[in-house]
Structure formats: structure tokens, C-alpha cells
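Below is one structure; the comments refer to it alone.
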Amino acid sequence: MAQKTTISVIKADIGSLAGHHTVHPDCMAAASRVLAEAKKNGVINDFYVTHVGDDLILIMTHTKGVDHPDVHGLAWEAFKKAAEVAKELGLYAAGQDLLSDAFSGNVRGLGPAAAEMEIEERPSEPIVIFAADKTEPGAFNLPLYKIFADPFNTAGLVIDPRLHDGFVFEVVDVFEDKGVHLNTPEELYDLLALIGTPSRYVIRRVFRKDGKIAAVVSVERLNLIAGKYVGKDDPVMIVRAQSGFPAVGEVLEPFTFPHLVAGWMRGSHNGPLMPVPVRDARPTRFDGPPRVIALGFQVKNAKLVGPSDLFDDPAFDEARRTANKVADYIRRHGPFMPHRLDPSEMEYTTLPQVLERLKDRFKPVKDLPVPKVKHSEMLSGAEEAHD
């Protein structure tokens, strides 16, 4: 049996230059040095370091399988070194996603987000790695549905015999830590009934009907781990493409629609997901709008060839213009829904504190008195004074 290759994409917010919008080059260099030493020592086969917004992203290939403590420990060490540099430079929110001081064999539950898949390499193994900033794991629900279940997006579902049987979606309830497998197209409506609530039901993995993995998403929610708001979850995703999977163009097509996602400023607002090249993955306006990058690689003998910055293409200019128009429109709502998230998503903001402070002032509607407000005497002196 051929040796399997593991692709691990692990990200963390370790501190940003001037607010929450980018990773300092020295932090990326610190992480790269850690990974280069690990590659030299045979812990990993290859790596690439990048960022989206203020999230440092480690892309690694190896042959150790998913959730391997050596690989996760390596990522943890790289993040710690980068965070040390961030603290030396006085960067904002240095080490924000590192919720523990001690590594326990796996980064899951400690703050960083991880998407990993173990595969038998095809003769040509193209993959696309997505990373988003200022949003949550459920932001990939709509694109994944379109990639793997919508024939209006993916022509291969109709005309490619290898895709025609459909795919299996693994959906996770992130509140209850439970999951379910749903077959498409047979259970398409059941799938949509769940994933239309992306704050709770998140697509974690997609499989072909023969069991081969097609896509994987990080599903960690930092507020559920930390018990308070510590930043949005900023997911990463790996998607296999071509030769039995959707074509690269079909994988990218959903991002021509900058759909609304939760996150943006203080993780408490809906906004359009803007597809951008890495050089523009620096959200500034109202700490946004939310951004997503896409890097294309070939994987050969557990080594990375690439990347190609796939959203660095004028074909996505219109999506970016639309995202800016939507951002203009929805920002006009200020603190009102639907721009601001609903109360269930405001649990880790000031809303619970406000409600606690006002709880004794809430009364049954029928018992609410008419308020008496003292007015200043009008300058004209013509109006009557009020109590």
C-alpha cells in the first residue's frame, strides 16, 4: 500500500501590526525558522507560511497522519515563537489565539484552528487552500454546498460520471459537539435545513461516495473554548480538485458571490465575504469587510509545488466591487440588526452585561408606567413647565 500524505493547515492570531489587520513580517519569519528546522530534521516534508488578515497560517505536508502530536507540537512552537516576537514589537493582541500556556499533544481546544486531511496522492494532486479572516467556520457552508451539491455551480455533477453520484457532507453541531453524515443529492433539503444556520451547524468534511475525502474545514469556535469573546474563529479549508473532484474553476466559482457572513467588527456584525489576493488580505474598514484568500498547490511525494494566488485575477474584480457596495449598504444600519448579529450570537459581548444591569427594571408590559421626564424651561417661556 502506497504511503499516505497528510496536509495540515493550522492558523492562529498571534498579534497584529496596527490593530487587527495584518501579520508583521518578523512574526512570519520567526514561524518559518521553526518550520525550516523541523523540515531539516524530518518532522515534516514541506511547508509554506502565509497570512490572511491578522492570522498566521502554517501549511505543512508530512506522512504522520492527522492530529499527530509532533506536527501539532511543531505548530504550537511556531506560534509561540511568533507571539514572542509580537510581544517584543508591542503588536496588538499578541498571542490572542493561544488560550493555554501548556501544549498537551494537540492544538485543538487550545485556540489555533486546524484543517487536516490524509490522502493517497493521485498522479497529479491539485489542492486549494482557503483561509478567511473576520468570520466564523460556517462562512464556508454556502461555498461548500455550491461546490459539491449545486449543479448550477459545478457542471461536473451533471456531466462527469465520477461526480454524478454526489457527495457525503459531514455536518457538526458545534454547540452539542455532535455530527451527522448526509448524502447528496438524496438528502439535499435536510442538508440545507441544517447548514442554513452556519453559526451552529458547520460543514466539517466532504467525502466522495467511495469514502475518499474531498474537503475539510476547521470548526473550532474560540468563544466556546474560552468562554468569552477572544476574536472570531477565522477558518481554514482544504479542497481537493480535478480528476474525480470538482475542477479548480468550480471550486472557486462560489466566491464570485460575496455572501453575508458573521464576524467583521468585534465579531458581532454581518458583512460580505470578499475574495482577495494575499496582498489585499488586510481588512481595515470597520476591521473588514471579511476576507478570504485561495492558494493553489500541487502535492507530489508529500512536497508542495506552488502556490498560485488564485484570487489574484480580474475575474474576481466584480465580486470585490459588489462586496464594497454591500458593505456600504449594511454599514448604514449601525448597531441595528441585521448588520449587528442576533442576541444569541452576542453572548460574549457587552449585551449580557447590559441585560444583567437592567434586569430589575424589566416589568410586564401591562405594568409599565408612563415615564415622567423633567424638561428644562423653554427659553421662550411660552410653554408650561412639566414635572
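Here the Cβ of each residue, glycine as well, is placed from N, Cα and C on the backbone.
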Per Swiss-Prot: Mg(2+) 2 is bound by Asp54, Asp55, Asp234, and from Asp133, Asp313, Asp317 the site also lists Asp133
Here the binding-site residues are His20, Lys134; the one whose Cβ sees the most other Cβ atoms within 10 Å is Lys134
Those binding-site residues from Asp233, Asp234, Ser243, Asp287 that fall inside 10 A of His20 (Mg(2+) 1 binding site) by CA distance are Asp287
As a whole number of Å, the Cα atom of Ser243 (beta-D-fructose 1,6-bisphosphate binding site) is distant from the Cα atom of Asp234 (Mg(2+) 3 binding site) by 29
What DSSP gives for Asp13 (active site, proton acceptor), in three states, is strand
Among the recorded positions listed as Asp13, Asp54, Lys134, Asp287, the Cα nearest the Cα of Asp234 (Mg(2+) 3 binding site) belongs to Lys134
